[in-house]
Amino acid sequence: MAFTNYSTLNRAQLTFDYLHTNSTTHAFLFGALAELIDNARDADATRIDIYAEKREDLQGGFMLCFLDNGVGMDPNDVINVIQFGKSAKRTPESTQIGRYGNGLKSGSMRIGKDFILFTKKENTMSCLFLSRTFHEEEGIDEVIVPLPTWNSQTREPVTDNMEKFAIETELIYKYSPFHTEEEVMTQFTKISGTSGTLVVIFNLKLTDNGEPELDVTSNPKDIRMAEISQEGVKPERHSFCAYAAVLYIDPRMRIFIHGHKVQTKKLCCCLYKPRKYTFTSHRFKTRAEQEVKKADQVAQLAEEKAREAESKARTLEIHMGGDITRDSRVMLRQVQNTAITLRREADVKKRIRDAKQQALKEPKELTFVFGVNIEHRDHDGMFIYNCSRLIKMYEKVGPQLEKGMVCGGVVGVIDVPYLVLEPTHNKQDFADAKEYRHLLRAMGEHLAQYWKDIEIAQHGIIKFWDEFGYLSANWNRPPSDELHFKRKRAMQVPTTIQCDLCLKWRTLPFQLSAVEEGYPINWVCSMNPDPEQDQCEAFELKQKIPLGILKKAPKTQEERQKQLTEKIQQEQRKLKALKKIKPIHSQSDLKKLPLEVTSRPFSKYPAHIFQGPQSSFHVVKTNARRRPQSRHAPFRQLQRSSIICTNPKPPFLVDKTEAVLLQPPETPQKSVSLLVKTIPQPPPLVQSLSPSVVPKSNNPWKVETPQIMNTPVAEMPYVPVNPSLVICDHKRSPEVSDEIEDEDRRKRMCKRGRFTVKKEKIQASELSDSSGEENPVDLKTAQKDKGLYVEVRMMGECYKGHVTAVEVGDNVVWWKVKFEDMPKDSTPRDCWVEKGSENVWLVKPSPEYQSTDEQQEDRKGEEDTVVQQALALQQTSTSECFCTEPDTTASTANHKTIDLLVQILWNCLHYFMPLSFPISKKELGAMNSEELLSLPLKECFKQYEVGLQNLCRSYQRCADSQAKVSEESLRISQKKLQETEEKLQKLRTNIQTLLQMAQQGINIRADDELDAYIEDLVSSDD
């Protein structure tokens, strides 16, 4: 049937409303802006400028412009732009980001109602105008796109229909911000080179309060999201500058916002202790199956065309018969050549299909890169790229889902090829959710392995972050800006910066001056202190990342036996269900069934499934009793002897324990420092909770607490405790009733940090005999200790805090110290300590802790406070902890300390003094403390750093020369080895020939057989 006959058939049309519908795919506004940057990157642009031009007459008050220096578009390319869904980039081997032929339209229409595009390529200048305002005012339902073209040299129209050209330019002058031909040509002149593209978006979308969605005024170097609070939001969510910095995994294009360069990042080069892992899987088949299906359709179509051409050639050859005229031979040869060409194409398509089918069976290989973000530890999670373009960011996987400190601060980076996972149209997610979840699961497993490999938890997580300046317990607080912390962070992660000319990435050696001053924005290779990388012609060195291996824990014999038993039981249940099924072979068998079976409606679940046993949570919660408050002396004496309450007892054992504690001791306690003899108790039998109360966690990374079993509890060995501490806090109980009871409390505590500590406060009245037994004068004097800033040694570590309560006993004063910055669940928030013991000492008071009233009272009784602190310092002078601070009132000790520090400083400078420093070591030894303070240490450090770098370079050159010598020696050895092997092989061949000449019946095929035969022959002669 001729194609002209199809003109009478109905056609699908694209309505004007689709422009708005298509734009709603971008829920994330920065994703729409990124679509326009993607187009510039796919056009091989090396620079893109994003800027705003004020136009008060337009909706939003400004126009948003995107100008790049890419290859541009000719008129035919521009025509393809207005065809929704058509893209020349859609090839399996393509590394370009564009796939769907929809990004320019959907992205620009999400930002504003109208856009106009100016592009240059070769000798043509084309303009494309897509306007919803034009369609609304003209009442047009179809999508009409003016598309005029000019000659770039003469600026004359390039068209065969001047009437059409006039209508197109008239619409542009009427509905665009450029109302004359001169203004339109001015936009073309902004494209400075011979090629490039300028996209201008106007009539911007507004928020509910009438302001534009994009804020271009608050920060002249950035484009921000309006009406989004920056507190608690990642910077990439509200700052387009931050989002553009990590938009590509390997940036090769300079991005400017309002004329200011964006400092793009290679995430893999910004991490501490990076490590990569290789992951292979057969699960990623969706994209490969789609490609195989397409290749099969193409191969079948090509095969049909080839068969049809071959059949046509045979028919023509038979029809011609004996006709051997020249025209007949030419016609036959043309048909045969066409058939041969189509057959070759069909064979190529078939081979491509077979190759893709074979690739479908092969596993897909991905590379995960993990590292610690020591600059911003709260910016952690997985950054998932597709064809080098960011799709998902800050995805929490594996242990990070627990919201603890485990794997906190770790960033993962992966670039997923298009053939493994396909992104959605808005490039903010992946199309196949099932395979994406499988990817996240795999990344979680490798993340847990990485956390084990870097051994941060083994050396202490808090200690690790303290070393880099994270001194606050609040996880979201930034690190300290003190110089030594900044230097340490800079030393651990080498600086990787991009050249502004060649766009190559260079890793710089550590420079002390760069920590304070930073690097220039327009950095070039000639500024590199490394002489081997100080030219743009030098090759870009790849980052060397150590390779890690996922070590899966082998299953134990019990786990394998349990899994096998469950599988056998499952198969037995299936077999029983199959035996109960009666096959129906005829209509008579169906009539034999009971009426209720044939007429009963289908129910997916039996009724008994919805009738589970009643939860026993209410019973457990009701029976759980708290420890009553007691003021008896024996209990107070026991607490003085440091009975550490870290193991909470079951509810029904509380009364029994209290009865034992409240009994009078057999012998009175003579000294507080003596340890109390533990009262032996028989191991009780604890009834396990019902399954409805105790939840089962399937999380493989969560450390499961031991469940309360129906077996006797093993008696714990006796551990000596510190006699001067009485810890009031308890470790969080694993019982479900306590967890549910304190759910609201945990939610409130989560705001203070990453961890919460459940408190069970013991009132201060438990630590006193009675109110009548205390001396009022002593109590009044002791109450002045409140607010003192002290330090307590507990469980082998020192913690600082304030005295919040004071109790007076028999010649003993007890302080209740509330600690600060205690992030761990296993550590108490406060404790009672004995004043004057060796485990507590005074430190400098903190003015921030005292209230206004307390500060006024302190000023009134300043002399009494000084006397008390002096007495307390005398009592704590025998402390063995290294944290004890000296008495600041002793001038002699101060002079000795200063002299000692000056001597230490002199020794350090004398040892590290550079040879080229203007001050000699002899002059340095004659300096006093004031002269040492005025010494130019920064210049000294800089010269020392230069000398150290020269020394390292000399070592590097020596090592390189030795490596070259070793490589040359290895090459010579390999050459000799090859020559020896060739001689040996030639000798074997000659021996085999000689043996065959001597013995004609011999048949030796392999070299091993020849060696064995010769060995037997020699041994037999002997």
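Any Cβ shown, glycine's included, is placed from N, Cα and C.
Going by Swiss-Prot, these are the annotated features:
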- Ala2: N-acetylalanine (MOD_RES)
- Asn39, Ser87, Ala88, Lys89, Arg99, Tyr100, Gly101, Asn102, Gly103, Leu104, Lys105, Lys427: ATP binding site (BINDING)
- Asn39: Mg(2+) binding site (BINDING)
- 490-544: zinc finger (ZN_FING)
- Ser615: phosphoserine (MOD_RES)
- Lys649: SUMO2 cross-link (CROSSLNK)
- Ser690: phosphoserine (MOD_RES)
- Ser724: phosphoserine (MOD_RES)
- Ser733: phosphoserine (MOD_RES)
- Ser737: phosphoserine (MOD_RES)
- Lys758: SUMO2 cross-link (CROSSLNK)
- Ser768: phosphoserine (MOD_RES)
- Ser770: phosphoserine (MOD_RES)
- Thr827: phosphothreonine (MOD_RES)
- Ser846: phosphoserine (MOD_RES)
- Ser851: phosphoserine (MOD_RES)
- Lys922: SUMO2 cross-link (CROSSLNK)
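A distance of 75 Å separates the Cα atom of Lys922 (SUMO2 cross-link) from that of Lys105 (ATP binding site). When Cβ atoms from all protein chains are considered, those within 10 Å of Asn39 (ATP binding site) total 24, not counting its own. Most Cβ neighbours within 10 Å, among the recorded positions Lys105, Lys922: Lys105 holds that distinction in the structure as shown.
Non-local neighbourhood of Gly103 (ATP binding site): Glu35, Leu36, Asp38, Asn39, Lys427, each in the same chain, at least six residues away, with C-beta under 8 Å from its C-beta.
When pLDDT is averaged over the zinc finger (490-544), the result is 91. Each residue in the zinc finger (490-544) gets a DSSP state, and the totals come to 15 helix, 6 strand, 34 coil.
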